[in-house]
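A.B. asks: Shown below is the structure under consideration.
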Amino acid sequence: MLESMITTMILTSMLLLTLPIISKKHETKITKIIKLSFLLSLLPTTLIMKHQTQNININFHMINTGTTNMTMTLMINKYSTLFLPTALFVTWSIMEFSTWYMTNELTKKFQKHLLIFLVSMLTLATAGSFMQLLTGWEGVGILSFMLINWWSTRTNANAAALQAIIYNRIGDIGLILVMVALLSTLGTWDMMSTLTLSTKDTMITLGLILAATGKSAQFFMHMWLPAAMEGPTPVSSLLHSSTMVVAGIYMLTQMHPMMSTKYLTTICLGLGTLTSIYSALCAIAQNDIKKIIAFSTSSQLGLMMIAIGINKPDLAMFHMITHATFKSTLFLCSGSIIHNMQNEQDIRKMSCTKNTLPTTTTMMTINGMALAGTPFLSGFYSKDMIIETMMNTNINAWALMATLLSTTMTSIYTARMILYMTKKFFCYKPTITQKESHPQQTFPLIRLTLAAMMTGTMLMPTMSNTMNSLATYMKMIPMMTIIVGTYMTTEMTMKLQNTTTSWKFISHLAFFKMLHRTLPLKMLKFSQKHSTQLTDLMWLENMGPTTIDLLNTTTSNIISMQKGQIKKYFTVLLITTTILLLMQMTLTL
């Protein structure tokens with residue numbers, strides 16, 4: 001009875017999403033339909049979390065030969081039921097925001113593309129067979145190409161879309177290798193059968209890692225992720241929070257029993273560590289607000305891969321859910337600021353937003369703190385659990401140190417972004433008018449921020465992770481990384497307002513005025529004097545003797561051209577006049 005109720009409600013919520021795609025009369029109600037689907041998906045999620053239901057499979061037989069059994073399977077477990085309402089909630093808020101942000105665009109067509117993007121991801125999330133997984137996998141890849149290239153007249157958008165599709169083709173090769181290996185060894189693409197038989201084929205496991213590396217922008221294949229910022233901001237928000245970039249990590253969490261060998265988890269740990277620290281370093285050096293958030297996405301994806309590398313797929317899923325809430329809000333807040341700043345994306349040219357855009361700035365600050373891992377926000381619970389689990393396991397010390405360093409750098413670039421936005425003096429054009437007058441601009445931000453504040457607290461009891469018995473100083477390490485990163489950024493970004501005498505003395509201690517001022521001043525004055533004199537000499541010479549000499553030469557040339565032969569000139573004139581008179585008389589006759 002319970003299983004049938006859960007299955008019915010999930011199928012209903014998913015089938016509702018197809019109405020605007022099939023029927024044109026529902027095109028104007030896309031946001032309301034997604035909202036209804038989200039509300040319907042909450043009940044089965046609650047029931048599965050309460051009753052600890054393991055797996056519910058719904059099979060539709062397609063092909064059954066002597067050696068191959070192909071079925072369309074809907075697999076409902078705690079991962080898919082957690083991901084389903086999260087993706088629907090985030091998409092509902094993004095759809096509502098896009099009606100304001102994309103007012104001058106083809107809003108219906110744009111929203112339909114986003115909806116198909118969501119349906120493809122949900123197809124992947126509930127896939128019980130690799131054929132269905134490949135369908136959703138290719139769907140999110142194709143739709144990402146179309147949405148990144150939404151402004152197709154821009155060369156950068158074309159290049160970014162091509163870059164995204166090419167890197168994803170590499171990931172597709174890994175998934176196709178997995179399917180070929182499964183069909184040749186087990187004769188089935190059913191996920192439950194694959195996990196039950198627990199094959200140890202190296203091609204299958206390495207193919208899964210390759211597919212996740214390409215789709216989830218891990219190190220060596222992460223370059224397309226910041227380039228994808230050429231698309232509209234709602235696309236970036238959906239792409240980075242709960243759809244395409246988390247597809248690879250989500251697949252690894254579902255197939256984790258096959259990845260539990262030591263060398264495979266070591267590969268995942270090393271890959272995640274490199275991705276996390278490299279992306280955090282890139283984010284520190286960026287000034288484009290969307291690229292900073294994009295690199296932070298890549299860094300957090302590396303942290304999810306680290307969780308898989310320490311055999312904790314539950315923590316990877318937990319961080320994926322919390323990350324979706326605050327990352328989508330950060331992108332929508334950046335879109336609101338960019339829209340009001342007349343498409344300006346440089347954080348150095350943003351200021352005083354706390355006065356002109358108070359709601360957006362508040363939501364940006366709260367979600368930035370969640371990204372950095374501030375206590376009692378969603379990001380704190382998931383990041384803290386991953387780092388504490390790493391410290392409680394026997395793993396590579398360099399991986400642990402790199403993870404702590406990337407967490408510190410996350411605090412650095414987040415604090416830097418917030419400080420630039422809230423500085424007191426104006427850095428933008430005086431003709432720019434900023435306002436928050438539309439409810440579709442602010443309501444989605446507030447809704448997502450509330451989710452970012454409460455999701456971690458609500459999901460914490462459902463995690464199967466055991467309590468870590470660590471020393472107090474080790475428990476405080478994640479918190480110390482946040483404090484150190486924020487303090488360093490504040491010191492480097494904010495200028496010293498009141499300089500004391502001692503500060504002036506210390507800062508000028510190695511500044512020798514004789515060397516740094518007197519000698520260069522003398523040399524520059526000498527150069528200026530002589531260059532001025534040479535310039536004046538040149539102009540005086542050109543305007544005086546040189547000009548007179550040129551005029552005399554020209555006059556003498558004109559005079560020499562006249563030979564003074566009056567008889568010859570008069571004879572030529574007489575002949576010419578006679579010929580003209582004869583021609584006129586002939587024409588008259």
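From the backbone N, Cα and C atoms, a Cβ is placed for every residue, glycine too.
TrEMBL entries are annotated by machine, without manual review.
What TrEMBL lists as transmembrane segment is 6-22, 82-102, 140-161, 173-192, 204-225, 263-285, 316-338, 359-377, 397-419, 445-464, 470-488, 569-587 (among others). Sequence annotations record features per position, and here TrEMBL assigns domain 'NADH-Ubiquinone oxidoreductase (complex I) chain 5 N-terminal' to 63-105. According to TrEMBL, the domain 'NADH:quinone oxidoreductase/Mrp antiporter transmembrane' annotation covers 127-408. Taken from TrEMBL, the feature domain 'NADH dehydrogenase subunit 5 C-terminal' applies to 413-583.
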A.B. asks: Do the transmembrane segment (470-488) and the transmembrane segment (82-102) share at least 3 Cβ pairs closer than 8 Å, excluding pairs fewer than 6 residues apart in sequence?
C.D. replies: no
A.B. asks: Pairs 6 or more apart in sequence, C-beta under 8 angstroms, 3 or more of them: is that satisfied by the transmembrane segment (263-285) and the transmembrane segment (397-419)?
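C.D. replies: Taking Cβ pairs at least 6 residues apart, the transmembrane segment (397-419) and the transmembrane segment (263-285) are in contact, with 3 or more under 8 Å.
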A.B. asks: Against which stretches of its own chain does the transmembrane segment (316-338) lie, if we need a Cβ under 8 Å and a gap of at least six residues from its ends?
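C.D. replies: The answer is 79, 82-83, 86-87, 90, 93-94, 97, 101, 233-234, 236-238, 240-242, 246, 249-250, 252-253, 289-290, 293, 296-297, 300, 303-305, 307-308, 344-345, 350, 353, 357, 360-361, 363-364, 367-368, 370-371, 377-379, 381-383, 385-386, 421, 436, 441, 444-445, 448-449, 451-452, 455-456, 459, 463.
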A.B. asks: Take the transmembrane segment (82-102) and find every residue of the same chain, 6 or more past its ends, with a Cβ under 8 Å from one of its Cβ atoms.
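C.D. replies: Contacts of the transmembrane segment (82-102) (Cβ under 8 Å, skipping residues fewer than 6 from its ends): 10, 13, 30-31, 34-35, 37-38, 41-42, 45, 110-111, 114-115, 118, 121-122, 125-126, 232-234, 237-238, 241-243, 250, 317, 320-321, 324-325, 328, 332, 335-336, 339, 438, 440-441, 443-445, 447-448, 451, 459.
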A.B. asks: Give, as a single whole number between 0 and 100, the mean pLDDT over the domain 'NADH dehydrogenase subunit 5 C-terminal' (413-583).
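C.D. replies: Overall, the domain 'NADH dehydrogenase subunit 5 C-terminal' (413-583) comes to a mean pLDDT of 76.
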A.B. asks: Any residues 6+ beyond the ends of the transmembrane segment (359-377) with a Cβ under 8 Å from its own?
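C.D. replies: The answer is 296, 300, 322, 325-327, 329-330, 333-334, 336-337, 353, 383-384, 407, 410-411, 414-415, 417-418, 421-422, 436, 441-442, 445-446, 448-449, 452-453, 456-457, 478-479, 481-482, 485-486.
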A.B. asks: Could you give me three numbers for the domain 'NADH-Ubiquinone oxidoreductase (complex I) chain 5 N-terminal' (63-105), the DSSP helix, strand and coil residue counts?
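C.D. replies: Counting residues by DSSP class gives 24 helix, 11 strand, 8 coil.
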